[in-house]
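Copied over from Swiss-Prot, here are the features:
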COMPBIAS  1-18  compositional bias 'Basic residues'
COMPBIAS  44-53  compositional bias 'Acidic residues'
COMPBIAS  66-80  compositional bias 'Acidic residues'
COMPBIAS  81-105  compositional bias 'Basic and acidic residues'
REPEAT    158-197  repeat 'WD 1'
REPEAT    259-298  repeat 'WD 3'
REPEAT    301-339  repeat 'WD 4'
Amino acid sequence: MAPRPRKRVSRPKPRATSRGRGGGDEDPFFESEPKRRRGGGRDEDIESEDSDLEGVAAAAAGGVGDDGEEEEEEEEEQETAGEKKMRIAKELLKKVTDAARRRREDDEDEDEGEEAGRRRVADILLKRQFEESGRKRMELADRILQPDPEDGFKMLVKHRQPVTAVVLSKDSDKGFSASKDGVIVHWDVETGKSEKYLWPSENVLVSHHAKPPLSAKRSKQVLALAVSADGRYLASGGLDRHIHLWDVRSREHIQAFSGHRGAISCLSFGPDSSELFSGSFDRKIMQWNAEDRTYMNCLFGHQNEVLTMDALSKDRLLTVARDRTMHLWKIPEESQLLFRAPATASLECCCFIDDKEFLTGSDDGSVELWSIMRKKPTHIIRNAHPVFRNNLNSLENNVEENGIHKPESVSSAQSWVSAIAARRGSDLAASGAANGSVRLWAIEPDSKGIRPLFSLRLDGFVNSLAIPKSGRFIVAGVGQEPRLGRWGRVRSAQNGVVIHPIRLKEESEDL
């Protein structure tokens with residue numbers, strides 16, 4: 001006889017009750033979980049491009065009231081990551097639609113109907129998508145407005161010794177800087193609030209796989225910094241021949257990578273990976289994995305000290321060295337392209353513009369534009385940072401008979417292009433030296449050349465530059481001395497990190 005089937009009894013679902021934190025026998029951990037998820041997800045949300053300089057814009061507008069800020073924060077806490085993305089997308093669509101409508105009204109084009117307006121909006125959104133994906137170069141240079149005389153560089157973080165490295169997080173909300181005295185600082189771009197990283201004891205460093213120092217005391221002088229794309233890891237390197245890995249959230253030392261026999265002069269993380277590249281005075285370039293804390297590969301090719309590097313992806317790396325060469329490394333293929341500097345120059349710094357073009361700065365004061373299709377520069381700006389005699393502390397009588405200031409020879413240490421940076425995927429770049437200015441450049445399409453934009457006044461050796469994704473400000477690491485030596489000194493300079501706003505014409509005006 002077949003067994004009788006059991007009846008399935010459906011239990012009623014418990015109703016959600018609004019209890020206090022101490023009421024009932026409900027576990028408060030599960031009660032607060034959704035709220036914590038919503039609040040914690042805010043750091044991972046997509047932010048608008050204008051958020052990079054909210055602090056500077058707020059200061060110019062007079063700030064926002066405390067009540068308004070509290071209401072806005074309460075609204076954001078109730079908003080999930082998906083809802084925020086949808087809200088930002090709707091705001092962008094509304095902004096583009098309104099701009100297209102104003103364009104039609106200004107042109108008084110009665111023949112352009114609603115369908116033509118929709119096509120215009122679709123073209124604008126498609127252009128935005130191509131720019132974000134890197135398939136089209138973002139045009140920022142023509143949107144830059146004349147700098148306001150009251151703008152100028154403002155001190156963001158002070159250091160006691162010359163700053164040697166400055167990097168920004170991927171969302172450009174946070175920055176990191178290091179100086180010759182070994183101080184590493186983590187700071188907020190908007191407020192300037194800073195926190196120091198504390199070096200552990202020698203015993204802790206040895207337990208983290210650091211080799212004992214060659215001298216009686218370990219040198220903590222930092223020459224290079226790099227932050228991972230996810231913002232979890234900070235890497236530092238310097239005279240002690242180790243790459244030190246730090247946890248950004250806790251600011252604690254995690255690991256010390258050993259393998260180089262010379263000072264660590266440059267570091268770079270892959271844009272979308274945990275792979276870390278390091279360059280050293282021992283002429284080697286090494287590849288590490290910060291997530292697994294392992295050594296991966298070693299690249300040979302330079303015949304002298306490696307100075308700077310820039311990683312486009314985990315597959316492409318750009319390096320320059322004192323052997324007057326630049327190498328473009330193709331990591332998976334284990335191959336490299338060799339570029340030689342002009343006869344009068346020794347390359348000092350480099351950066352990617354996109355996957356086809358890159359920039360370098362030289363010790364003869366020139367800025368070079370390179371293409372992957374040519375072994376020589378496609379365009380050279382000579383004497384990009386001229387030095388006048390009144391800027392040289394060691395010289396007097398700096399005026400000729402006709403009263404004209406005479407530029408010093410570009411072989412002066414104050415005219416060396418010591419730092420160069422570009423907003424990746426755009427036509428905006430910047431270079432710095434010790435001649436008293438940071439210069440902004442426009443990169444012409446199809447390797448046609450470099451066009452000067454503006455010169456921003458700044459005293460001291462510009463040892464590092466960084467431009468955020470929005471292109472709305474520029475950060476510089478400044479010191480009285482150059483990054484890798486003491487062959488020059490600008491006594492009027494202040495050691496620290498400075499920031500300068502870049503005012504952009506609204507995109508709606510160009511639609």
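Cβ atoms here come from the backbone N, Cα and C positions, even for glycine.
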Folded-back contacts onto the repeat 'WD 1' (158-197), same chain, C-beta under 8 angstroms, at least six residues removed: 47, 51-52, 54-55, 219-227, 229-231, 234, 236, 238, 246, 248, 251, 253, 461, 463-466, 468-470, 473, 475-483, 494-497, 499
Number of helical, extended and coil residues in the repeat 'WD 1' (158-197), per DSSP: 0 helix, 22 strand, 18 coil
Confidence summary for the repeat 'WD 1' (158-197), mean pLDDT rounded: 95
For the repeat 'WD 3' (259-298), residues assigned helix / strand / coil by DSSP: 0 helix, 22 strand, 18 coil
